[in-house]
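Colleague: One structure, pasted below without further comment.
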Amino acid sequence: MTAGAGSAGAFRRAVDRACAAARGARRALARFAPRPSAFGAAADAEAAAVRGVRNARTFRYHYASLQWALLLASLAAAGHRASVLFLMAASKVLLVCLGLLAPFPRLALLRRLVAAAFVALVLADIAAAGAVANLMAALAVGVPVIVLHASFRVRDDLEGPSTENGEEEEADEEAAVVEKREDGDAEAGPTRRSTAVAPRSPK
């Protein structure tokens, strides 16, 4: 009975984690490519370069995830199963290390060193497995997509709507507070009058 309950609880937690991961992936994808109107050509080459640099900073994790997925898919298709498993384990170790270092802003240099060590480890594994061609193929597919996205992704909807939504939410909260206070005063008024002691009539 206890073992069955424990198995059911573990399965439920696994399902919850999978659902949370799916929701996070959906939000990330919606932010990465929300709608066709979020893309547009820049006015000139300089504006496109500035937009590309800003988008590279904003979507750096999206771009890294895309390139990483393409690399793993290329290795898996070529039969480099050991390399795929090793790189997946190494990526999890990297995420754990970066997560532990995230609360310490002064350790930014250490985070960069950890990321550089991870890249060197990936390149060494690919070279040892003889999968340099797979790396080049993944880069040939991913880099043009990243460059096009960074050049054409408009940033207006990344900041404007969120600020407006935040102001609207704050206004709604303030209105709700005012309404509650008014309701409380309206309710408290008669209560105070009813609890007041009426003057006694002289006998």
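Keep in mind that glycine also has a Cβ here, set from the backbone N, Cα and C atoms.
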Colleague: Would you please say which range out of 63-80, 135-152 has the annotation transmembrane segment in TrEMBL?
Modeller: 135-152
Colleague: Do any residues, 6 or more residues outside the transmembrane segment (84-102), come within under 8 Å Cβ-to-Cβ of it, and if so which ones?
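Modeller: For the transmembrane segment (84-102), the list is 68, 71-72, 75-76, 110-111, 114-115, 118, 121-122, 125.
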Colleague: Could you give the residue numbers and ranges of same-chain residues that sit at least 6 residues beyond the transmembrane segment (135-152) on either side and whose C-beta is under 8 angstroms from one of its C-beta atoms?
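Modeller: Distal contacts: 32-33, 39-42, 48, 51-52, 55-56, 59, 63, 66-67, 70-71, 73-74, 126.
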